[in-house]
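Features as listed in TrEMBL:
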TRANSMEM  6-35  transmembrane segment
TRANSMEM  47-69  transmembrane segment
TRANSMEM  81-100  transmembrane segment
TRANSMEM  107-127  transmembrane segment
TRANSMEM  147-171  transmembrane segment
TRANSMEM  178-202  transmembrane segment
TRANSMEM  208-228  transmembrane segment
TRANSMEM  249-268  transmembrane segment
Amino acid sequence: MLTTLLIFLVMGAVAGLIAGMFGVGGGVIIVPALVYVFSLQGISADVLTHLAVGSSLAVITVTAISSVLAHHRNGFVQWHVFRVMLPGLVLGVVGGVMVAVNIPGHILQWTMGCFLIVVALQMRLALVPTREEGNLPGAPVLLSGAGVTGIISALFGVGGGTITVPFLTFFGMRMQQAVATSAACGLPLAVFGATSNIVAGWQTPDLPAYALGYVYLPAVMGIAVASAPAAKVGAQIAKNLSATKLKRIFAIFLAMIGASMIAKATGIF
């Protein structure tokens, strides 16, 4: 058990460091890493991907609180936008979990790999443009965007920033405000997503000891404890490096992870 916790502490430190350096949520790192570690632990292939997704959302629940408070103190969170999006976020993530738990693990891995490659392309090529000025859309569009974000969060165990930030900046929201509002949106996504994974996986066979439904408690504790301080270190490192070069390196890294997950899911290796 001690060795397992140490592994997750190291994983949390690495995920936090990368998240701080590259300005991305830890979910895009945590889920693939957990899939790999869970497979080494001999956890059933039928549940390991769902366990990785649920555990990632539980970690985000812990780490998002400090992030939201910091952004709120800086005055960047657009709470009026958050309130409009909240119902869509909750319905999307809860519905997404109900769909995800019925998807075979290898298919979930394949779609996760494709998602990571799309994120990498967005980082490298800016497929979704940003605008300096613009008017935010009405409630129907915001709710629809929030619903899609919730579904993606549930499927891939991410906080939604990879979707919410481009979505809001496309309509002209300032980057600082979009990042802060996205962080606020990530908290209910993680809370309802993790809770839904606990409920959905409660009676599932083949789960390891210390699993609460599709949430593996040793992973959550180890990663959450180490990721927050490591993220601060990563942010400091990033200040001394070229942002363009950082994004290029990380985009390549994400694409490689995505390709490896697709290859694993399809049985290539």
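Glycine is no exception: its Cβ is also placed from the backbone N, Cα and C atoms.
Within the same chain, the transmembrane segment (6-35) packs against the transmembrane segment (208-228): three or more Cβ pairs sit under 8 Å, each pair at least 6 residues apart. By the Cβ criterion (under 8 Å, sequence separation of 6 or more), the transmembrane segment (208-228) is in contact with the transmembrane segment (47-69), since 3+ such pairs are found. Only residues 6 or more beyond the boundaries of the transmembrane segment (81-100), in the same chain, are considered here, and those with a CB under 8 A from a CB of the stretch are 50, 53, 108, 136, 139, 142-155, 160, 168, 173, 181, 184-185, 188-189, 192-193, 196-197, 200. Most Cβ pairs under 8 Å to the transmembrane segment (47-69), among the stretches 107-127, 147-171, 249-268, belong to 147-171.
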